């Protein structure tokens, strides 16, 4: 709730202006029954047409003033709530961009999407409702009660009883509703997570015929969300009608007292009934907006959790000024993921000079991708240190460090837009000549020129209209175009045939002379001609050196070689 109050304070001018026009609207509503009672008791009863016209004219004028106030208030409330929603989403987006992968792993991507979208919407709805209803309800309720008591003092005990019962019902609504709406948002996170996994992996799902399994997973998540929604709504379904019943009983009692208490002006009785109806409406509005507040409070806590999250990696107070060169060194590096007690890397050490090519090989899960993710400082080490350009990556400004590194991820990630747009992610200032050179180095020019629109060919989301090999080559070109000091290729030639892969590596050496290249591959033929080879085994270094040295010294490397190539070729080398 503190977040919501803070945001309202930031827009206090608009908020107070809306409250002013809301007060005008509320007072006009409160005046109408009193004016009507004068028409009935002083005009109709005495057959005084002038009185009827006089108070009728006043009623009409008051109604116009109230309608004008309502229109202005509605516009202000919508404008304010939308502005606050935009600001919150922008703040969340900027905060998430500052997160390390450790923060994102802890909060989960699907949950972050829900917080940016659904949770902010809940806050917007509450602020809009507050400016439209929550302030109007007390004015209407208190004003109506005062006027009822003024006109019919005998109703005071009944009014007190109604208010006490209604207050207890509203408090019960909040007490039982809040935890249920918190649970509802968590179930929504789970549904979004399942949906996201399915949509991003739909090709695999269909390839393995697992539609029924995924339908079951989604059905379970949807069922849990439905159950939570029913549980949360059931509270509203119980307490709302009870509040209405309480006030309706009050109206019946008011009629009974008016009919049995001796002389009672018809106009005043009608006004009192009208005011009791306004009290009913006000209490119903309070109940509804408090239900919205319960949801908004739960959502605000989730939004605040993101905004209060401290990035796991901090920028150095006095970063080094020089742009790093291509030297890379690991000194006794150990690393564990936040949700895993086991070490993904254990006491890893090696050194690479600028311009060298390092091949990294090892079994699945041996720590290859984890190792290269520490170079651009996607994560911070838990032990030892990583040096780029001879300096600890933690002493360098992250943006400057990453500008010196070209990353080609294991999964080729392309964005909706043209081929030109995707390549310019590497360098927004690149001209056509630079695009051609990078595409040629990645052997991507061959298929780009085959498209009728060339670089202006529009790609679907994720590059769905390209083959796996084409996507990999575009990803390589995108990394090359920024002329990095270090090029990291995480198994990014796996979809290429051996001939194309060899051509790509040859062209990269020619294009990026002096660039340090780190190549992860499952194929030993891809790394055996590298200047240095790092063989990983269960997070540890099994061997580091040339192909010949590892064949002599590393049993793990020899086993990989034998399983892929055999003994004869090595014997003949």
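In case you wondered, yes, glycine gets a Cβ from its N, Cα and C as well.
Among the ranges 18-40, 87-109, 110-132, 156-178, the one that TrEMBL lists as transmembrane segment is 156-178. As stated in TrEMBL, the feature transmembrane segment covers range 269-290 out of the listed 269-290, 291-312, 313-334. As annotated in TrEMBL, transmembrane segment covers the listed stretch 235-257 rather than the other ranges in 189-211, 212-234, 235-257.
Residues 18, 21-25, 27-29, 31-32, 35-36, 38-39, 42-44 of the same chain lie 6+ residues outside the transmembrane segment (52-72) yet bring a C-beta within less than 8 angstroms of a C-beta in it.
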